[in-house]
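Down below is the structure, laid out as structure tokens.
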Ligand SMILES: Cc1cc2nc3c(=O)[nH]c(=O)nc-3n(C[C@H](O)[C@H](O)[C@H](O)COP(=O)(O)O)c2cc1C
């Protein structure tokens, strides 16, 4: 069983991917989506969005990072996929689950789940463009409004040539509202002969066990659960139900703050810190106290003393 870190646009950026991959062992990390419209993106766009490409598409501890592409134009997806792999990406992942209104309006992301043929065209174009050594995977939801086409969509992904599929066990309409319908994924996993990963609402070791059992999948992908409990991947891999102490998590927050304040434009740093603390506060009272202290602060110099005190 593999444990994968989920792509999370605007949340699991390269800074957090670096911290999380050092905090727990992941078999694979998928990047935030790179949006493809009607052009071959310049190399610098890939390097900006997925800086790990400069390190052989790995975080510093050697965890492989796979570029995720989002778009509905088969030829453009294919040429950009090839470019991403030439720049070093460890394979390509395709996004068929993004619920964003803007993305769906331009017929990308989850709306493609209403048209399995468009999924097939995209996957097969990318598959034909990539060298056979490059792994191709795709991530889908159970559907757009409902799950009536889930099997056709999953089949289109497999028939298009993807070797692996991740299923976020909710429709686009269900958003992120619990529960995740792991048992529905069993219909897909029973039928498809490719590597299958279950995703959605895996917050604990017990959730991981249940999700694997209900869905019949091979692997788990964790997203917000890893943001809230940075050791969750280790718990799942080692089958040990231990939440990290705040004393183990606080240094990660400190490290994150140091990286972003050194490298990111100052005006984004406070927001990024608060975004992470907003998840950690449900797990640790100390994180909640820190969140309350910095909640109204925007200047990094005002926040700095709180971080130094950690
Ligand atoms: C802030 C945020 C950004 C996301 N961005 C992406 C993305 O870029 N690509 C993608 O396939 N899924 C994206 N997702 C969906 C997650 O990968 C995952 O499917 C979802 O969060 C459910 O898993 P979880 O319950 O473990 O968080 C995003 C989710 C969140 C919360």
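In case you wondered, yes, glycine gets a Cβ from its N, Cα and C as well.
Not measured: the values here are computed from a predicted model.
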Requested in this report: Report the candidate from 139, 281 that shares the FMN site with 68, 199, 200, 201, 223, 224, as recorded in TrEMBL.
Outcome: 139
Query - Around the Cβ of residue 68 (FMN binding site), the count of other Cβ atoms that are within 10 Å - result: 24
Query raised in the report: Which recorded positions among 35, 224, 295 have CB under 6 Å of ligand 1?
Result: 224
Query raised in the report: Given that the record lists 68, 139, 199, 200, 201, 223, 224 as binding FMN, what is the largest C-alpha to C-alpha distance among them, in Å?
Result: 21
Query - Alpha-carbon spacing, residue 200 (FMN binding site) to residue 176 (site 'Interacts with tRNA'), which is rounded to whole Å - result: 8
Query raised in the report: So of all those recorded positions, 176, 223, 274, 295, which one's Cα sits nearest to residue 98 (active site, proton donor)?
Result: 176
Report task. For residue 279 (site 'Interacts with tRNA'), name the DSSP secondary structure in the helix/strand/coil scheme. Result -> helix
Query raised in the report: Of all the recorded sites given, namely 35, 95, 272, 279, 295, which is spatially nearest to residue 223 (FMN binding site) at the Cα level?
Result: 279
